[in-house]
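Under the heading domain 'EamA 1', Swiss-Prot lists 6-137, citing sequence analysis as support. If you look up Swiss-Prot, you'll see 150-281 marked as domain 'EamA 2'. Annotation comment: Swiss-Prot describes 6-26, 32-52, 65-85, 95-115, 123-143, 150-170, 178-198, 212-232, 249-269 as transmembrane segment.
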Amino acid sequence: MKLSKAVWALVLTVVTWASAFPAIRVGLDGYGVAGLSLSRLTVASVALAIAAGPLGVRRPRARDLPMIALCGATGMSAYQVLLNWGEVHVPAGTASLLIAIAPVFSVLLAAVFLGERMTWAQIAGSAVAISGAAVIAVAGGHARYTTSAWVVLAAAVVQGVYHFATKPLLARYTGLEVACYAMWAGTVFLLPLLPAMVHGFATAPVAATASTVYLGLLPSAIGFVSWGYAVARLSVASSTASLYLVPPVALVVAFVWLGEVPPPLALVGGALGIAGVMLINRRTLGRRREASTPGRR
């Protein structure tokens, strides 16, 4: 059976986003947390700036700049720094399991600040997912792992804030446009880390530099473009369901690339986390249809 271009775009998105977690581990060797964070965003920002014209990315309105700044500060700047910091001691696959529960925090924020009523399924799903995160956090058996796991969980929280903050913007811009604006804003916020980036480019091993460029070009730039292409042509249910594949693919890539095997208890916690998110999404897919479609103005 011949697969459509949209399905192939979805496959590309899942694989590139999943491969980002082990690629971070490689990039940290030579760049460190600060250098890798800015380097990845810089590469992605340049790539998206070049592609912005052909892709029809419009200039944002001035009144939307504060919300764009919030999206950049949370979903790009803070997320990159926290995830990279956490992956210093947390295996790549384990980190992907923690990040997978980010939708939980988006739902909780919507309930608190937008007054969106949570269903029993959402409440139960949130409890299950957060319980899974707690299990993952203690799965390593030593203090450095546990501390780093909570840092990765903090990255999931700011990612949830990002998804929450994009809601009003997605009423006026495409998903790709919002991603571009946030990427560019996030890069500006991390410019104080420029010395670390320059030092990394000058001294890091070739593998670390190649991994850093890969992170910027594929997961951060091409990944957003392919995701936008796919969700504009496929059902929201299919697109959302595909994201459940990111952690399993990340686990496989991390094993093949780095030889990493996560703690068994982390896999149990990850299964709980994904199950909780699936329970939440059963009740939210209908409401997320408009916000998840990049072609919507």
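Glycine is no exception: its Cβ is also placed from the backbone N, Cα and C atoms.
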Problem - Positions whose Cβ lies under 8 angstroms from the transmembrane segment (6-26), at least six residues beyond its ends - result: 36, 83-84, 87, 91-93, 95-96, 99, 207-208, 211, 214-215, 218-220, 222-223, 226-227, 229-230, 232-234, 238-239, 242-243, 245-247, 249-250, 253-254, 257-258, 260
Handout entry: Whether the transmembrane segment (95-115) meets the transmembrane segment (249-269): three or more C-beta pairs under 8 angstroms
Key = yes
Exercise for the section: Grab the pLDDT values for the domain 'EamA 1' (6-137) and give me their mean, rounded. Expected result: 95
